[in-house]
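Trainee: Submitted below is the structure of interest, expressed as structure tokens.
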Amino acid sequence: MGNTTSERVSGERHGAKAARAEGGGHGPGKEHKIMVGSTDDPSVFSLPDSKLPGDKEFVPWQQDLDDSVKPAQQARPTVIRWSEGGKEVFISGSFNNWSTKIPLIKSHNDFVAILDLPEGEHQYKFFVDGQWVHDPSEPVVTSQLGTINNLIHVKKSDFEVFDALKLDSMESSETSCRDLSSSPPGPYGQEMYVFRSEERFKSPPILPPHLLQVILNKDTNISCDPALLPEPNHVMLNHLYALSIKDSVMVLSATHRYKKKYVTTLLYKPI
């Protein structure tokens, strides 16, 4: 009895192994398809590692190498404006993969943002007070999901004037730098300038030269009133002048300004 049961179990196991062996084999020219990714897009279905004749071998870094060979598009400063009101306005679009909302700055009655966008077409939308809306006054496009977005086309030709002005500014700055860095004209030699002793130890004057022009020492014109003095220089104001002592009398003078008039006061003091 025990031997019969053992043989039956052994036979069932052997049959299962044979069935698995038959199921694991493939007919000539037949392969199972393996679906990878989303089933919404039939283009993502792929076969196992089967290579057709003439296929190229790609190394893992070849895609990065191809991307590095492509020239990078220059970013252009683009003004985005929202004029439909609101308290808080943000913007998001295909230029940042709709990942973040960029705030707009309020300027008078509008909201403005200056974004550095690469050349080409970009879709964008505004987030105003918690709702996604588009600007009806700007070009629009319907996305693949059926939503209406604004469309902007950044072209290089729109910035040719700014590029020309920038190039002209750079050239003018380089020219001015060359002019400043150039040496003054004239002969050059190897001899060092030697200071003379009187130049080295020259001391400043006791009295500044412009204070030597005292209006009381000047002669008065005959055609002028002798009580009127010529208009003094501004450096002569608020200084005290003294006349040489004669006949035991000292004379002091000072000139002051009151609005548009000048008053010279003389003080006589006996000694």
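Heads up, the Cβ atoms here are built off N, Cα and C, so glycines get one too.
Swiss-Prot lists 1-46 with the feature region 'Disordered'. As annotated by Swiss-Prot, phosphoserine applies to Ser38, Ser68, Ser94, Ser107, Ser157, Ser169, Ser173, Ser183. Marked as phosphothreonine by Swiss-Prot: Thr39, Thr147.
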Trainee: Let me know the most crowded of the modified residues, choosing from Ser94, Thr147, Ser157 and counting other Cβ atoms within 10 Å.
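Mentor: The most densely surrounded of these modified residues is Ser94.
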Trainee: Looking at the modified residues Ser107, Thr147, Ser157, Ser169, which has the shortest Cα distance to Ser94 (phosphoserine)?
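Mentor: Result for Ser94 (phosphoserine): the nearest of the modified residues is Thr147.
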Trainee: How big is the gap, in Å, between the Cα of Ser169 (phosphoserine) and that of Ser157 (phosphoserine), rounded to a whole number?
Mentor: 19
Trainee: Starting from the Cβ of Ser169 (phosphoserine), draw a 10 Å sphere and report how many other Cβ atoms land inside it.
Mentor: 10
Trainee: Reported as an integer number of Å, what is the Cα distance between Thr147 (phosphothreonine) and Ser157 (phosphoserine)?
Mentor: 30
Trainee: Reported as an integer number of Å, what is the Cα distance between Ser107 (phosphoserine) and Ser157 (phosphoserine)?
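Mentor: Spelling it out, the Cα of Ser107 (phosphoserine) and the Cα of Ser157 (phosphoserine) are 28 Å apart.
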Trainee: According to DSSP, does Ser94 (phosphoserine) fall in a helix, a strand, or coil?
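Mentor: Note: Ser94 (phosphoserine) is helical by DSSP.
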